[in-house]
Amino acid sequence: MARFFKPQKRKITDTKHKEIVINRLDHLGAGIGHLNNKSIFVDGLLPGEKALVQITDDKKQYARAKVIKRLIDSPARIKPHCPIYDQCGGCNLQHLSHQGQVLAKQQALSDLMVKFAGDQQVAVDKQRAGDQQRALFEQVTPIIAAEHHYRRCARFSVLLGKDGQLQFGLRKKQSKDIVNVKQCPVLAESLNELLPPLRSLLSTLKGQRHLGHIELIEADNGRVVLIRHLKPFSDKDMTLILNFAQEQNVILFLAPTSDDIELIHGETPYYRLDDLTLHFSPKDFIQVNRDVNKKMVEQATDWLDLQPSDRVLDLFCGLGNFSLPLAKHAKAVVGVEGIDEMVHRATENAMCNKQNNATFYQANLDEDVTKLAWAREPFNKILLDPARAGAAGVMEHVVKLKPERVVYVSCNPATLARDSQVLLKKGYQLERLGMLDMFPQTGHLESMALFVKAKAVKKKRVVTKL
């Protein structure tokens, strides 16, 4: 049968400038307003602001727009601290006061949880409280620290331009182009001090064209520099690089491939946490905010209400950032991670800190982990700290273990809200919810939620107001 071509109708986006008033921020820091009963997302606008905008992406349920002109500014709007804020893609909330950022993120987190998990939460509440009116959950005071110079990890892009000049900096907003960075207001001060000599080194290398990107880390035993390169350095370039490492007293790694790194100068980096020493590789994930990480681990320990007889399961455990501090208060902690190398690192860290009650295993966390050998003994407390994609694959298996308490640490409130529904449908109560100010000046939102089995919920509840 012959098939006839039927051209699809071209969707025409209305590009006329429209006036909009912003009501709130979403969980990524974009302003939300409404036109013709449709939600419009606009980067760079704050609640209460009025602006002329132009639609850039028109969907059936929502649209995105860009600012043409601000007409009314919010009292919370401030001058960005960074001179290249309008160009750099690293931060997107420097135009909002730090207090305003914290309040907006806390509200966005609460709104998401009420929207996506509220129905199940209300059902559990009514069943347990005899239809009495009460708060859905305790919204605790956000964990905050310094608003500037908090970031102990950063990745810088390097490119030899057509004009022969070396570009060294961060990616521009919504672009692969590089904006040159001399100083960064969210980068740790010790790493900012390293930028001028590092730029000078890179500019003198003959192999500039073969540079990949540069990673900087502030470890507790020194500054770490990782140089990725596509071809081997010449002997002359290697001499310059080693001289730089010695003069600046940095821990230097070279990475000829995405998988291989080589320690060239200095010792294995580590950071201290709760009187523990955690060694890591530049390839490993560590939390970027040292102070918030410390408070976050303390809060997780408190929320789990650890007892000497507890057996704790730490899923997505990484190199032991939660597992090892938790092991100081529990009978046993089992950490599970999908990456072999991280499991090896966590095991070494447990041995280094003489924590014999912490053991680590590699497993695919999308599969039924309850069938694995280490899950034969029961766990009464569970902690999860997944990546942005969340823990959809493991949630059904978490409830099979029937823990008394579950602490979920999230870097994406949307997946936290989604995954929470599994626990709520199985009779767990969302007891506490808190925002962790891990990434000031950006729209990234870290959070922590506590779920408790219905029979373990205490009758007295205190709701913390911001």
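Just so it is clear, glycine is given a Cβ too, placed from its N, Cα and C backbone atoms.
Feature annotation from Swiss-Prot assigns domain 'TRAM' to 11-69; the stated evidence is sequence analysis. Residues or ranges marked as [4Fe-4S] cluster binding site in Swiss-Prot (evidence: sequence analysis): C82, C88, C91, C184. Among the features that Swiss-Prot reports, S-adenosyl-L-methionine binding site is placed at Q287, F316, N321, E337, N364, D385, with the record citing sequence analysis. Residues or ranges marked as active site, nucleophile in Swiss-Prot (evidence: sequence analysis): C411.
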- prompt: What mean pLDDT does the predicted model reach across the domain 'TRAM' (11-69)?
  reply: 92
Query: What are the DSSP helix, strand and coil residue counts for the domain 'TRAM' (11-69)?
result: 0 helix, 35 strand, 24 coil
- prompt: Which state, by DSSP, holds E337 (S-adenosyl-L-methionine binding site): helix, strand or coil?
  reply: strand
Query: How big is the Cα-to-Cα gap, in Å, between E337 (S-adenosyl-L-methionine binding site) and the residue listed as 'active site, nucleophile'?
result: 17
Message: Return the residues near C82 ([4Fe-4S] cluster binding site) by Cβ distance under 8 Å, restricted to its own chain and a separation of at least 6 in sequence.
response: C88, C91, Q94, C184, P185
Statement: Within the same chain, the residues at least 6 apart in sequence whose Cβ is under 8 angstroms from that of Q287 (S-adenosyl-L-methionine binding site) are N293, M296, N321, M438
- request: Express in Å, rounded to the nearest integer, the largest CA to CA distance found among the S-adenosyl-L-methionine-binding residues Q287, F316, N321, E337, N364, D385 named in the record.
  value: 22
Query: Where the residue listed as 'active site, nucleophile' and D385 (S-adenosyl-L-methionine binding site) are concerned, what is their Cα separation in Å, rounded?
result: 8
